[in-house]
Amino acid sequence: MSEVNINEDLVKERKKCTFDVEELIHLVDGGKHNTLERKKVEQYVLSIKELKDDVPEEYLSHKERYENSVRKGSILFMVLMKGILERKRNKDEGISYNYKIINGVVKDVTPFMLHFGMFLPTLASQASPEQQREWLKKGSQMIGTYAQTELGHGTFLRGLETTATYDADTEEFIIHSPNLTSYKWWPGGLAQTVNHCIVMAQLYIKGKNHGIHPFLVQIRDIETHMPLPGIKVGDIGPKLGFQTANNGFLGFDNYRIPRMNMLMKNSQVLKDGTYVKAKNDKLTYGTMVFVRVTIVADVAYELARAATIAVRYAAVRHQSKPKPNEPEPQILDYLTQQHKLFIAVSTSHAFRIVGRWLWSTYTKPEPQILDYVTQQHKLFIAVSTSHAFRIVGRWLWSTYTKVVADIRHGNMDHLPELHALACCLKAVCSKDASVCVEQCRFACGGHGYMQSSNLPIIYGIVTATVTYEGEHTVMLLQTARYLVKAYKQASEGKSLTPTVAYMAKYLKNGSHCWQNTPEGIIGGFQAVAAGKTKEACESLFRHAHARAVLCEMFWKEIQRISSTVSPSLAIVLEQLAELYLKYWALEKRGDMLMYSNITKEDISSLQRRYVELLALIRPNAVGIVDAFDIRDEILCSTLGAYDGRVYERLMEEAMKSPLNKEPVNQSFHKYIKPLLIQAKL
Ligand SMILES: CCC/C=C/C(=O)SCCNC(=O)CCNC(=O)[C@H](O)C(C)(C)COP(=O)([O-])OP(=O)([O-])OC[C@H]1O[C@@H](n2cnc3c(N)ncnc32)[C@H](O)[C@@H]1OP(=O)([O-])[O-]
Ligand SMILES: Cc1cc2nc3c(=O)[nH]c(=O)nc-3n(C[C@H](O)[C@H](O)[C@H](O)COP(=O)(O)OP(=O)(O)OC[C@H]3O[C@@H](n4cnc5c(N)ncnc54)[C@H](O)[C@@H]3O)c2cc1C
């Protein structure tokens, strides 16, 4: 884009940047090769004419919005299928879904999200090899979702009520919803989009309950898409966000499926009804662990979008001037009056001089809002949090793949630790990301409240992650359970898994010896986690372990990465990581006071360094968000576009309102005019 069309503040900001933005882009993408591939994918998908909307999604009705997202989602689906095939021929080519390109196609959420996000992964991980060969073959007509949650139960999986009863005579399962609360409720794409589901149901054989198991169930005819007899399916209606996800409900009336439609990789039901138990019954929950792991990186990306919008806007937006001075005082003759007079005269001089200074400040151009320390406090933590989650998300993903490989070889030893990690990181990252996105919205003032800023939609997407795939508190409680066990092992002198090894150190050392260094802060969080575990084994303690893991992994990884990049970029990365640690040490200073020997002076010094870091990051703020390298079509924001034409875009978008198509709306003649006539009488 030529600089002529770019807002001059942004041009200046980009000139100030002290590091190579391109280098950071490659780092964020995980290498130059990935950047090139991403850009190729974006270029390909975003130039498909049919994916452009004439009318912004927000002006469509619930039904129209759904139909439009299916239309566009189907185009993307086809591109993806083509991409996978091409990729097989040439690994450097092809279309990947990984690149969040979807945000540039459907502003909200596509109804096919669950097909790729849970349906296919469940078949890939829980179906037997023969079933996989059958179901994942080329030309499969299945579009699916993951139907687990019911009207009555989401968290408490053992309480699910849908039943799958084995009939050995016909070698079939009978899937049934015994009452209203057993209806499936929430699955994405379920309402009108999918023709198949993974249904989680209580398995009954000869009257005995074997707990919940996954079943592949066809719910609609492939040709006509009509619901099959015995199936009741529909849309659950509008929500806070996820308007185009097509979340649905589903009930079964003694609906029969073949025996081989139970996913049989882990447990099996033989023809005669013999039940073969899985090595570990929690393997049935495998898809949830997978999605929890991916949520960390997902919210990092959404946060990158929100931070890009809010930081660019803060560089373009100017606001507020100090007020000018007041008039001079009177002179009187009496001593007492002189007493008053002289002070008044000197005050007058003081005021004049200060007044001049004030006037010169007043006539200076309004500052960019990004220059306010309070604004930097709101925004820079969002930027550094996005980096933290991306980096920790990559580490979690590699931990996940190692544990899954172990499980494939029959070794389940690390599953509990992975489960505990996935739960607490999912919980903390989803909640922090929602808070940061909302903070970015606040930081954009009134314009952040506009749908056209895209911040409300991003918030809708991110805040849903707090609830789905395991509700926030419930996830923390799962980790708490694991920590309590770890603490008990530590107190018995037994060895501990790596992520909780600090428990032993805390038991040995008692309170943490505070240092204002990154390592000192990480130790502080570990002491808080260990101390709270000790104090309240069975009661609610919340984020401490996840925060310790986040701080430690972010800092260690940044240290490692810094040695591989240019010195100018290393400085910026370390500033961002240090800001993250200092921010949380200050936020949690109460906990630190309880569980370490931190002093008031340490806290003041942390505070001073935090403000110093804001100032150090400030000149690079626009460059840092530019390095997220999110195209305008994917940001979808009037406030955050690369060129900074904020006000023009706000007006252009407002002009798309159907209400602006006519000078007088018909409601005037129908309602307001009769009202005015009545008022006259
Ligand atoms: C785009 C949007 C897509 C959204 C999709 C969705 O939302 S889909 C819907 C998403 N829905 C949800 O996310 C629902 C959330 N609810 C749940 O995940 C579970 O019901 C629960 C974990 C809350 C409790 O389960 P429970 O009552 O059966 O278990 P318990 O508490 O009695 O613990 C028993 C033992 O099992 C262990 N263990 C548990 N889970 C796992 C695991 N995954 N792996 C390994 N281990 C696990 C646990 O640590 C404990 O070990 P211990 O101490 O005995 O050695
Ligand atoms: C946008 C969105 C998309 C979704 N997509 C799908 C999907 O595709 N497929 C699917 O199957 N499901 C889906 N879900 C459902 C989702 O997984 C559940 O909503 C989630 O697991 C929480 O369960 P719940 O709604 O039953 O909440 P509840 O468990 O009823 O939670 C309500 C409150 O009770 C508290 N609580 C519950 N149990 C405990 C406990 N043991 N201890 C302490 N407090 C507790 C919680 O902390 C919470 O404050 C989706 C949900 C949303 C919002």
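Each Cβ is built from the backbone N, Cα and C atoms, and glycine gets one as well.
Per TrEMBL, these features apply:
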type	residues	note
ACT_SITE	E469	active site, proton acceptor
BINDING	T149, G188	FAD binding site
DOMAIN	20-140	domain 'Acyl-coenzyme A oxidase N-terminal'
DOMAIN	285-363	domain 'Acyl-CoA oxidase C-alpha1'
DOMAIN	364-484	domain 'Acyl-CoA oxidase C-alpha1'
DOMAIN	543-676	domain 'Acyl-CoA oxidase C-terminal'
DSSP three-state call for G188 (FAD binding site): helix, strand or coil?
coil
Measure from the CA atom of E469 (active site, proton acceptor) to the CA atom of T149 (FAD binding site) and give the result in Å, rounded to a whole number.
10
List the Cα distance (Å, whole number) between G188 (FAD binding site) and the residue listed as 'active site, proton acceptor'.
12
List the same-chain residues at least 6 positions away in sequence whose Cβ sits under 8 Å from the Cβ of the residue listed as 'active site, proton acceptor', in sequence order, or say none.
M288, V291, R292, I295, K426
Take the Cβ of T149 (FAD binding site) and count every other Cβ within 10 Å, whichever protein chain it belongs to.
18
Within the domain 'Acyl-CoA oxidase C-alpha1' (364-484), residues counted as helix, strand or coil by DSSP:
102 helix, 1 strand, 18 coil
What are the DSSP helix/strand/coil residue counts across the domain 'Acyl-coenzyme A oxidase N-terminal' (20-140)?
86 helix, 0 strand, 35 coil
